[in-house]
Every structure is written in C-alpha cells, then in structure tokens.
Amino acid sequence: MTLLMDATPQVKELYPLPLVPRPWVLSSLFAAFNVVLLVFFSGLFFAFPCRWLAQNGEWVFPVITGPLFALTFFSLVSLNFSDPGILHQGSAEQGPLTVHVVWVNHGAFRLQWCPQCCFHRPPRTYHCPWCNICVEDFDHHCKWVNNCIGHRNFRFFMLLVLSLCLYSGALLVTCLIFLVIVVAVPAAGFLVPLSILLLTQAVSVSSADRTYKVKCRHLHGYNPFDQGCASNWYLAICAPLGPKYMAEAVQLQRVVGPDWTSVPNPHPPMSPLPPRPPAPTSGYLPTRKGPPRVW
C-alpha cells in the first residue's frame, strides 16, 4: 500500500456527523429487552407446545428447536458485547491539511480526516454517531443489539440473522402442527356435522320444504309453497313476517260479532274424517289472498 503525501488542504467531508454523542441508556435498555424477549417467548414455546409434542412421541421438534435457540442466543449475546473493529483516537499533532492516498487493487482512495477521533480514516471506515467511535469496515449501527457492525463482528451478525431465521421458521412450523393436532382436529368434529346441517337447511329452503316433511307429504309430490329458488330464499330470509296468525284470528272473530257460535266436535279426536264446522249464522269471515308468507 503506497502513501502519497501532499500539502493540499482536505475537502469537506461528504457526510458531516454531529459532535454530541447520542444518549446510550435507552438504546442499552432496548438491546437488553430484546434478549429478555427472546428468552421469554422461547420459554413459553418449550413449556407448552414443544413439551406437549415431546410427551406424545414427537421428539424431532425439541431436537431441532433446542440447538437453534442456543445458537440464536449465543450469537445475540456475542454480538451485543463484541468489538466491531474500533479504531482508537489518534494524536492531536496530526492535522487535516495533510492528504493521505492509499492504493487498493489499483484503485486510489483518499483518506478522510475524522475531527472527532483526530486521524485519517482508512478506506470504508466511518465514524458512528451513536457510539461516537470510528469503526473499521463499517456496515451499519444495529439498534437491536446496540452495537456497530464492522470488520470484527460481521460474522456474528450473519450468524445471528441466519440462526434467527431458522429458529423462527422452526417455531412457526411447530406451533402450526400443535394447533392442528390440539385445536383443529376437535374443531373439525363440530365443523363436519354443522356443515351437513347447513347444507340440509339450504336444500330445504331452496325447495320450500321443511325438515318435518317426512310426516307431511304433499299430494302427488307437488309442493304448493314452492315459488322458485330465489323467491323461496327471499320469503325465508328477507320477506316481512307480518302479523301473528292468532292475533289475526281473534280480530276476525271480533268482526263477525256475537252471532257466531262454536259447535263442539261430536267425533272423537281419533276420527279419520271429522266433519267441517258449520258456517256462521250471520256475518262472514273474509278470505285471505296472496302467497302463504304474505298473508
């Protein structure tokens, strides 16, 4: 690596950074909260669905999810306390007026001066405004672990992302299988008969029949209440109910007057063909017209 010295003043940095460091208490608490959150939800997982599956002979789930949790927890804690590649502060004797140029694979890079750390930064080294440090091969500042991701802990970061993806996928599959066995199978026992009942009622409404039609067969198979599938559904679901039948019968009796007298039925209840009641001596009973549900 060749250094070329020049007295040309340094140009202004492309990314000016604040001089005042950010508060670290809240970010540290947030990183600790993430670790506690991982342990808490993992404890619930191993205490209920994973333990139930293991007790029922499904040992493959704890065998897979256990090492994945250990790997995720190890990489998360290691990334929290790892060194991202901190470059310590230089000497105040160095100045920004001197220009340093380095060659990397036949490419020239001009070293930028860091006013906070008082030295010329190597290529791809930047000053983190949250940590107030210069990090070698700086990638980003991860707020989830409250640490910078750089040259010395980038492997831990990739390991954390990979293990967390595999662990989350294993948790999802295990919980879905647990819900299917514990919840979905008993629910299917209620869903199947309810679906059959719904289908039976839908067919009955479409044909204007009732479930009790076995004892009330229509003459020659003709159903006088059937007005078409659409009309049957309208009458069953959307049509107005109208007044109660008994209330209308009482009102009709009041209209007839006191001359109407009821004659007791001389035949016993078991008589197959009872005679029709005699017509009233005075007055009349108006007949109702229209569809049955509009009476």
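Note that Cβ sites are derived from N, Cα and C of the backbone, with glycine treated the same way.
TrEMBL: automatically predicted annotations, no manual curation.
TrEMBL annotations:
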COMPBIAS  266-280  compositional bias 'Pro residues'
DOMAIN    110-180  domain 'Palmitoyltransferase DHHC'
REGION    266-295  region 'Disordered'
TRANSMEM  24-47  transmembrane segment
TRANSMEM  59-81  transmembrane segment
TRANSMEM  156-184  transmembrane segment
TRANSMEM  190-208  transmembrane segment
DSSP-wise, what's the residue breakdown of the domain 'Palmitoyltransferase DHHC' (110-180) into helix, strand and coil?
27 helix, 19 strand, 25 coil
Near the transmembrane segment (24-47), which residues from the same chain, at least 6 beyond its ends, have a CB less than 8 A from one of its CBs?
62, 65-66, 69, 72-73, 76-77, 80, 130, 143-147, 171, 174-175
